[in-house]
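Novice: This structure is in C-alpha cells; I'll ask about it shortly.
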C-alpha cells in the first residue's frame, strides 16, 4: 500500500521540487532545439537513461564482483560483470575496470598504478590539445608528478614523433601519455610504443575522445600497443558520463583495481555501471558502427566547408587542413572574430560549440582563437551527408562578417524539427 510511505517519497519531481523539474524541462528543450556540436558531448539512448535513473542508485557495493564489503550485492554483481565482460570483448582486452566515476578519476587511478609521485611523465602540451590530467600544473597530475610535455609542429600542427622521441630521450619519463582532448588526427601508437620501450617507460593511452571510433573499427586501437588504456564512456561511445580502464596486461590488474578502489574511490555508482554495460552492448551493433561512420564523415564535410575559399577569405581555417576523427578545430587567428565571439554567434543561430585555444594561441585561454566543433551528437540524432553539409554551410556563413543570424537560425530550426530528440519524454519547455 502506497499510503505506508511518506507522500514526498511517492510524489513526482514536479510535485516535490518544481524548480528542479523546470530546469530539467528547460534543458530538454535546449537539447531538442539546438544543434549540439561540443565534441565531448553526445546523446545517450533511452535505455541508458533508464539505467541511470533506476533503483540501482540505492545500492552500496564497495569492492568488486564476488568480493564486496556489503551484503545484498548479488544482482549488482551481475550488472558489473556484464559491463566488465562487454568492455573486454569490445576492445580486445584481457582486463577491464568499469568503476571509475569519470575519465579524470580513471586517469588518476592509472597514474597512481604505474608511477610514483615525483616521477616524470610525458604528455601532450595542454595548449596544443592535451588534457588537464596529462600533466597540467594545477591538476593532480602536474602537482604529484614531474610533468613535461611534447607539442605539435608549428607549421603542420601535427604531433612530430621525432620530437616526441627527443623529449623522451632528454627526460627519461616513467610514463609516456598518448591521447588528447583537442587534436584532429590519429596518433601513431606503434611509434609511441617503440619510444616507450627505448626509454623504459610505460605507455598509457587516453582514448576518451575516440573510443567509439575504435569500437567501430574506424580508428586504430591503442590496446595492442599500450600498457594501459583509459577512457570516458560519454563522448563518441555515447554512454553515461563515467570512465573505465582496459589493458592486455593482466599483471597490472591488481594494481589498477586497488588504485581505483580503495585508492581513488569508495562505493561504485551501480546505476551508472549498469548503464555502461548497456552502452558497451550497443557499441557492438551495426547501427553503432554506422553512426560512427557518419560521425567521421560529418566532421570531414565540415572541415571541407571551412577550408573553402570564402571561409578562408573571411579569416577562418582548419588546423591540420582536415580531420580523421569526430572533431574539427577551426582556426580564427586571422578572423575578425575571436573564439568567444564565434561561440556566441553560433549559439545565437542555434549551434552549441566551445571556444578552444589553438597551438601557439596569441589570445588568452578564456577568449582563444579557435573553436572545437564535434559531430557525435548530430550523428546520434540521425544526421547524414545531406544534413551535415547543411550544418557546415550554416557554420561557415555564421562566421563571416555581417551574417544573417535570423535566417541561419531558421535553417537550424528546420533541422531540429526534422530530427526530433527524445520524442517519448515530456514536451519541450521552449
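Glycine is treated like the rest: Cβ placed from N, Cα and C.
Heads up, here are the entries from Swiss-Prot:
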BINDING   126, 130, 131, 132  (6S)-5,6,7,8-tetrahydrofolate binding site
SITE      234  site 'Plays an important role in substrate specificity'
MOD_RES   235  N6-(pyridoxal phosphate)lysine
Novice: Just to verify a number: CA distance, residue 234 (site 'Plays an important role in substrate specificity') to residue 131 ((6S)-5,6,7,8-tetrahydrofolate binding site), in angstrom, no decimals.
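Specialist: Distance between the two Cα atoms comes out at 16 Å.
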Novice: Beyond the listed site residues 126, 130, 131, 132, identify every same-chain residue whose Cβ lies within 8 Å of the center of their Cβ atoms for the (6S)-5,6,7,8-tetrahydrofolate site.
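Specialist: Output for this site, in sequence order: 123, 124, 129, 133, 134, 135, 136, 139, 181.
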Novice: Please compare the recorded positions 131, 234, 235 by how many other CB atoms fall within 10 Å of each one's CB, and tell me which has the fewest.
Specialist: 131
Novice: Can you tell which of the binding-site residues (126, 132) has the fewest other C-beta atoms within 10 angstroms of its C-beta?
Specialist: 132
Novice: If one measures from the C-alpha of residue 235 (N6-(pyridoxal phosphate)lysine) to the C-alpha of residue 131 ((6S)-5,6,7,8-tetrahydrofolate binding site), what distance in angstrom results, rounded to a whole number?
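Specialist: Here the two Cα atoms lie 15 Å apart.
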Novice: Enumerate same-chain residues with a sequence separation of six or more from residue 130 ((6S)-5,6,7,8-tetrahydrofolate binding site) and a Cβ-Cβ distance below 8 A; give 'none' if the list is empty.
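Specialist: Sequence-distant Cβ neighbours: 123, 124, 136, 149, 179, 180, 181.
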